[in-house]
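Visitor: If you scroll down you'll find the structure; I have some questions about it.
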C-alpha cells in the first residue's frame, strides 16, 4: 500500500516540478533553498575539494535547460558499504526524533551516536571558524592518508539540530582494526564477507520543485551485479525506508529506478544550520551547501561510506 501511495505522490510531484518556475533570486539565507546557479557553484566546490565527485550530463533528451549541459548532476561511484544497517547494534540511546512536533511525526535518526557501537564512518573535519569566512581543508588527502589518520564518527541530524549543531566529535576509532576483521572473514570464506563488499553509485540532482539538492543511490553486490530493491533497503535506516527514502526514476538517467532521499526537509534543516552559524558570529556561504548536505543525509544511509568531508567546529 505504501508503494502505491509513493507512486501516486511521485507522479504528482513530477507534474508539480514541471509547472514550478525556475528560482531566479537567491533565498538561501532566508529559507535554505537554492537557485540552479547556486547548485552549480556548490557542486563546483564539492568537486574541487572531493574529486571522487564529478559532474555528469546524463541522457541528452533529459537535459534541463536551467542547468549547464555538462553540469546536470553530480556522481560518485563504487562507494563502499561494508555493513547492513541491521548489523549495527540497536539501542534506545542511539535513537533520536528530529522535529517531533511537526505534522509528520518527525525525522527519526536511528544512529545519531554510532561511535558507541564501534561503527566508524570515514569522515574528516570541516573547520568552521567563528567570525571568519569558512575554511575547507582538502578532503582529497584521504586517499593518501586514510591509513594514518583516525576518523571521526558519522555526523547526523541530531548533532546539527539539537546538540549545538557544529561541535567537534571526540570519539575516534581505529579503522584498521575493522579492515583487518573484514579481511579475516574473507580469508575464512564466510558468508559475512560477501555481505560486506557492496558498493554504491551516488548521485546528487537539483530538484526544481523543492529547490534543493536531492540524493539518489543504486547498489551492486561483490560481483558488480545490481542489487534488488529489497537488498538496497538493507543499507538504509529502517525508519526511513518507504518514507524518507522511496524508489523513483532518476531525472537524468534511464531505468532501472533508484533509491532517492526525499528532499522535502532539506531546506528546513539547512535554514537552521545557517541560523546557528550566524548566532556564533559566522556566515555560511552557499558554496558549502552540498558539503553540509552530505553530512545530514548520513542519518538515512549510515553504513554507506561516501562522506569524506570534515566536521564543523565553532
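Including glycine, each Cβ sits where the backbone N, Cα and C put it.
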Visitor: Out of 83-89, 90-96, 104-110, 111-117, let me know the one Swiss-Prot marks motif 'LIR motif'.
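Guide: Going through 83-89, 90-96, 104-110, 111-117 one by one, Swiss-Prot gives motif 'LIR motif' for 104-110.
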Visitor: Write down the single range among 143-165, 189-211, 212-234, 235-257 that appears in Swiss-Prot as region 'Disordered'.
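Guide: In Swiss-Prot, residues 143-165 carry the label region 'Disordered'.
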